[in-house]
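First the structure, in the form of structure tokens, and then the observations on it.
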Amino acid sequence: MQLETQDALYVALELVIAALAVAGNVLVCAAVGASSALQTPTNYFLVSLATADVAVGLFAIPFAITISLGFCTDFHGCLFLACFVLVLTQSSIFSLLAVAVDRYLAIRVPLRYKGLVTGTRARGIIAVLWVLAFGIGLTPFLGWNSKDSATSNCTELGDGIANKSCCPVTCLFENVVPMSYMVYFNFFGCVLPPLLIMLVIYIKIFMVACKQLQRMELMDHSRTTLQREIHAAKSLAMIVGIFALCWLPVHAINCITLFHPALAKDKPKWVMNVAILLSHANSVVNPIVYAYRNRDFRYSFHKIISRYVLCQAETKGGSGQAGAQSTLSLGL
């Protein structure tokens, strides 16, 4: 099948994004695994986020490319391809929400934080959040799908009954997942509320931090620790903001499709392609933010790339630098 120029460009850009997403987020996971300074509950949630982004590069983007070509397949196979990215998106949102709550506790109750948020509890929470993400993302399999309309043209069997269970459909996202699910359940129910909650949490974090910084009785050490927490919160708020900017265009188009179908029919194909590319590009951004905002991540990235990519031997001064870096173990 020969691709049009527009489709070929879309596929090429998706493949570039997939490669960068996998490489960058595998590097994040390796950095946390290799550096004791990065093995904090906050970063466990970031590893969960990175895992979702790796899966976007390995699976969701190839699935999206497949769906964009509109090949014929059975309904439930196409539905799985369409829903898998919803699972990963929901997992990312839950991971970001968990990080926001974690940072709020670190600033609101600093003396009790280490007892409340342990590595074991963080890993347990991550497991629960992934189960919830799969449940939410695969909800269309429970019946909230477009099977009746997608298979309405199936040929009837000899007894006059259409065999819809094995009827091939043109595998396009809107052919299998109804916009009512995407807008009312996915966006209004599962995406927008967590984003608004995170907005409130980060506003509260900065309000609490500013009040504490204004207290004259704060000792120099406590003040330095709090400033590091504020720096971490700013970095994480930046990640949430980038996530919202990357994903809201897709949801805006879905809302237009549902509420103004006549207007949606006239939209060029490239508009949706650009929105999808932007949402997938979000999986590339986070490692860049970590490297730019956090010395521990930056040092660990450099160490891993030097040793395993450039095949350079580690210098003797490396352990000393790692020791100096390990004093900052507050996430970002």
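The backbone N, Cα and C atoms fix where each Cβ goes, glycine too.
Binding of adenosine is annotated in Swiss-Prot for Glu174, Ser279, His280; the matching candidate from Asn186, Asn254, Asn294 at the same site is Asn254. Swiss-Prot assigns Thr5 and Ile107 to topological domains with different names, so the membrane separates them in that record. Out of Cys166, Cys167, Cys171, Cys190, the record in Swiss-Prot bonds Cys78 through a disulfide to Cys171.
Here the transmembrane segment (268-291) does not lie next to the transmembrane segment (179-203) in space: the count of CB pairs under 8 Å, restricted to residues six or more apart, is fewer than 3. Same-chain residues lying 6+ beyond the ends of the transmembrane segment (79-101) with a Cβ under 8 Å from its Cβ atoms: 42, 45-46, 48-49, 51-53, 55-56, 59-60, 63-64, 66-67, 122, 125-126, 129-130, 132-134, 136-138, 140-141, 145, 147, 171, 173, 176-177, 186, 190-191, 194-195, 197-198, 201-202, 205, 236, 239-240, 243, 247, 279, 331. Here the topological domain 'Cytoplasmic' (34-43) has, by DSSP, the following mix of helix, strand and coil residues: 7 helix, 0 strand, 3 coil.
Spatially close to Cys171 (disulfide bond) yet at least six residues away along the chain are Thr66, Ile67, Gly70, Phe71, Cys72, Thr73, Gly77, Cys78, Leu81, judged by Cβ distances under 8 angstroms.
The record assigns Glu174, Asn254, Ser279, His280 to the adenosine binding site, and the maximum Cα to Cα distance across that set is 18 Å. Residues near Glu174 (adenosine binding site) in space but far in sequence (CB under 8 A, at least 6 apart, same chain), listed by position: Ser146, Thr257.
Spatially close to Asn254 (adenosine binding site) yet at least six residues away along the chain are Met179, Met182, Val183, Phe187, judged by Cβ distances under 8 angstroms.
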